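As given in TrEMBL:
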BINDING   Gly10, Pro11, Asp12, Gly13, Ala14, Gly15, Lys16, Thr17  ATP binding site
DOMAIN    8-199  domain 'Thymidylate kinase-like'
Amino acid sequence: MDGKFISFEGPDGAGKTSVIQQIQEDLEQQLGKEAVKYIREPGGSRISEEIRQLLFDNQNADMDPRTEALLFAASRRQVVVSEIIPALKAGKTILCDRYVDSSIAYQGAGRGLGEQEIWQINQFAIDGLMPDLTIYLDIESELGLQRIAEHRANQVNRLDKEKLAFHQTVRQSYLRLQQRHPARIKLIDASQPLPTVINDVKTTIHDRFSELF
Ligand SMILES: Nc1ncnc2c1ncn2[C@@H]1O[C@H](COP(=O)(O)OP(=O)(O)OP(=O)(O)O)[C@@H](O)[C@H]1O
Ligand SMILES: [Mg+2]
């Protein structure tokens, strides 16, 4: 497949969505609108967005953790088949707001289901399709939660409400993943001002794909 698959990872409030918005705009300038595809996870396709609604519905606070993990994997499966693979075949650059690493960190570590177990159900879902490059936006949990509280208080969802310890566990899992897969996962200090973070991300993307930026 000719396309480029870039995922963005990091704890809540790290700045993934903010960074991707700018990266998408700049890449569209360079490559043309059709050459770039943004996907948010869970979601990104019709069926996957329906699964997303189930996952984030505040009425579903009693959802079983394994149900939750399977729904994330199911949403991912659908978006891989219906959106990601076709876009890669068409040579597009995919900017994916979360992917498998999120499940390992949140469900595997955060919910205590086991990183290995979550990796296995996700293998079934993605059938080997991993990103070429993963941008990991690293941030102290307190600062990430503070950003969400300050800027998005009206949009806090069910999973944002988990306590600080949960977020710290998630971050530690991300850091382990980065250490285990240093060639794929690149760490960016997301506590910096947004323009600096964006610049670091662009440099990192360019290091991997010299034709971008
Ligand atoms: N580098 C930064 N410095 C200060 N504020 C930032 C920075 N990056 C993002 N923000 C602000 O923090 C808030 C969270 O950012 P954003 O929604 O991009 O994070 P996210 O990683 O996508 O979070 P989530 O995982 O919850 O989707 C936003 O209001 C954004 O404006
Ligand atoms: Mg986001």
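Cβ atoms are placed via backbone N, Cα and C, with glycine included.
Here the features listed in TrEMBL are painted onto the structure.
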residue : record           : Cβ within 10 Å
Gly10   : ATP binding site : 26
Pro11   : ATP binding site : 28
Asp12   : ATP binding site : 22
Gly13   : ATP binding site : 25
Ala14   : ATP binding site : 27
Gly15   : ATP binding site : 21
Lys16   : ATP binding site : 24
Thr17   : ATP binding site : 13
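Report note: the ATP site is defined by Gly10, Pro11, Asp12, Gly13, Ala14, Gly15, Lys16, Thr17, and the residues of the same chain whose CB lies within 8 Å of the CB centroid of those residues, excluding them, are Leu137, Ile139, Gly144, Arg147, Ala190. Close contacts with ligand 2, defined as a Cβ under 6 Å from any of its atoms, occur at Lys16 among the binding-site residues Gly10, Pro11, Gly13, Lys16. The DSSP secondary structure for Asp12 (ATP binding site) is coil.
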